[in-house]
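Features reported for this protein in Swiss-Prot:
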| type | residues | note |
| --- | --- | --- |
| BINDING | ASP24, LYS46, 73-82, THR137, ARG199, GLN208, 228-229 | substrate binding site |
| ACT_SITE | LYS75 | active site, proton donor |
Amino acid sequence: MPTLMYLQEMIRMHAKDKIIVALDVPDLAAGEKLVDRLSPYAGMFKVGLEFFTAAGPAAVRMVKERGGRVFADLKFHDIPNTVAGAARALVRLGVDMLNVHAAGGKAMLQAAAAAVREEAAALNRPAPVIIAVTVLTSLDREALRCEVGIEREVEEQVARWALLAREAGLDGVVASPREIRAIREACGPEFVIVTPGVRPAGSDRGDQRRVMTPAEALREGASYLVIGRPITAAPDPVAAARAIAAEIEMVK
């Protein structure tokens, strides 16, 4: 269970600081529109594979030029030298958070963490938060066993990868809300947990399998919530973001 001190600190954070809006959009114009509308309600914007592939580094620069913070959700998974080089490039772009796959192994994780901190120090700027992707939220127990070939329960595998990430010097992990408690027990109260698979009550689950509401995830001990379609695909994205922020503010 998360400690009382940790929960109190997270509650003190303004609601917007806990919200990462996923910019899963096909082009720069669509991203600009969302950032302009949602900046008052988002502490960070996630630039993922679709947006980065379509717009390249300009996607990151666009958010930064508007005063936003960027989570580069590119899930690097390659040999250590390649991942280290890619991580350095993201530091030079000015991202605030980035991720790599825990499945890449300890040497890859260590290389990425070292590269991020060395590059940030060379540029005389704060190092981005570096986190590891664990089990994708689109996978359930059956898919993990039959398709990926991992026999452990999802929660056990997530906790195992979270411990590996911590040992390798990373700041935290990406994991579904269902595994937050296991990660907290394994890795402690300061470990960063970024949680996708968050859906307001009554909203469409989409392709997510292991989900919670924003309030439930925060009560479990999530550090940040990644929220995409419930905000960006809503008839009124601003109203949707406001409603989620209001729900977060009620968490005690």
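Residue numbering: from 1, along the chain as shown.
Note: Cβ is positioned from N, Cα and C throughout, glycine not excepted.
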C-alpha spacing of LYS75 (active site, proton donor) relative to ASP24 (substrate binding site), in angstrom: 14
In three-state DSSP terms, the structure that LYS75 (active site, proton donor) belongs to: strand
Cβ contacts of LYS75 (active site, proton donor) (under 8 Å, same chain, 6 or more positions away): LEU49, ASN99, VAL100, HIS101, VAL133
Packing count at HIS77 (substrate binding site) (other Cβ atoms within 10 Å of its Cβ): 16
Same chain, 6+ residues apart, C-beta under 8 Å of the C-beta of PRO80 (substrate binding site), given in sequence order: ALA107, MET108, GLN110, ALA111, ALA112
